[in-house]
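Below you'll find the structure, written out as structure tokens, and then a few comments.
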């Protein structure tokens, strides 16, 4: 049975698309047939981060409006065989998405894929509501910052009341907390929220903590999901989180500030 | 749950007020359960006095129906009456099973306050029901008039944007009320986690209501319409277990436990 997983946050710029790309790639690397859908119609970032922007012909809106078949719009990843991307449209807005249209697409994808990741747009408007409506599981992306935690709290409430599972009074959507852009040094200095505080407010299970890292921006700019960068902390943290998502036990890493040795302190060099 | 951000109007503390009121309502006592018998008969009478019942809310009297509830075609009756521009809004009398059957179609039992409908066997008052209870809801237990309603208990965190309203009773939240969340009760409010959102107790006029919080850290506190926002709580024991009550027109914050 295919699992529909929404990657959501409420707030913008916290790392939803980066996390969607990393998670989709990570699941596919582990042999799961995975498709990631960009619900951010009108903005369209996922294809850039996945490095497939030059291969986009049709998009989700074309499929919903019957202008293209689903298979024509799906982009098969060249690096990981079991990974596909369904891009968003840049020339339409979110009103082009309909519940029936999205349902048809998800039902059709469910025949072929194990995991259907929905990369939600920011906000709690139509695009975000449609992205989470069909979800079986939710990855709630949060930064260690008050407004981000507040918005995540809000979106958890929306998941509990406005998802299809909630409307049909089935088992609730399974929620996972993914803390991104975590900077242990700034947390230690009290400039960012502590992990315990975030967990205390949101009170959902912690899936992973992704450290703030330059490698994320580098990966975005080169169109390579950061999880493919096995050298970077962020890439390793995403790989751990994917493993935990699939039920493995992994200790959380990168929670303490890196103690720089004298050599590093003298010659600069920041955490990769 | 209010999804849309508020427009830029001056903020008001109360988006609504709850007040009791007495209404004179017509009771339409059904002597026959069949819509095909009832609706044309009303239609006939209606034609003799056009406009008499137009858009009038009526309460369906069920006491005289001597058939089992499953033989009463409530959807047919409702549709037929609506067709005559008569709006059924609830029920009175009849067996609990009968009232329950009507409730499944959005007609809650309505308690007659003055007992004007004198020949009617006094209906057992029932707890006010939600507008659309599931059809399988058990019949509300008969209660003596003026009885307490059971306390509402919430075990989930009340999250930003969520609003919990304990109508006509006390509210107990065993989890936290997060910033941006709102708990409202006509009676007392107890929060056994942290209270970081808004707590509004005592409805509009119950000055005896109190608020209890295990970890008192609210955005806004209100009892019986008197309120204090966080900025005005500088002297309150923030972060402690606290009881809030009204003495005269002042709110008192006392550490407890």
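Glycine is treated like the rest: Cβ placed from N, Cα and C.
Listed in TrEMBL for this protein:
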BINDING   A:11, A:12, A:13, A:14, A:15, A:16, A:17, A:18  ATP binding site
DOMAIN    A:5-226  domain 'CobQ/CobB/MinD/ParA nucleotide binding'
An 8 Å radius from the center of the A:11, A:12, A:13, A:14, A:15, A:16, A:17, A:18 Cβ atoms defines the neighbourhood of the ATP site; name the other residues of that chain inside it, in order.
A:9, A:19, A:122, A:141, A:180
Residue A:17 (ATP binding site) has how many other Cβ neighbours within 10 Å of its own Cβ?
26
Which residues in the same chain, at least 6 apart in sequence, have a Cβ under 8 Å from the Cβ of residue A:11 (ATP binding site)?
A:122, A:143, A:147, A:148, A:151, A:152
Would you count the other CB atoms within 10 A of the CB of residue A:16 (ATP binding site), including those on all shown protein chains?
30
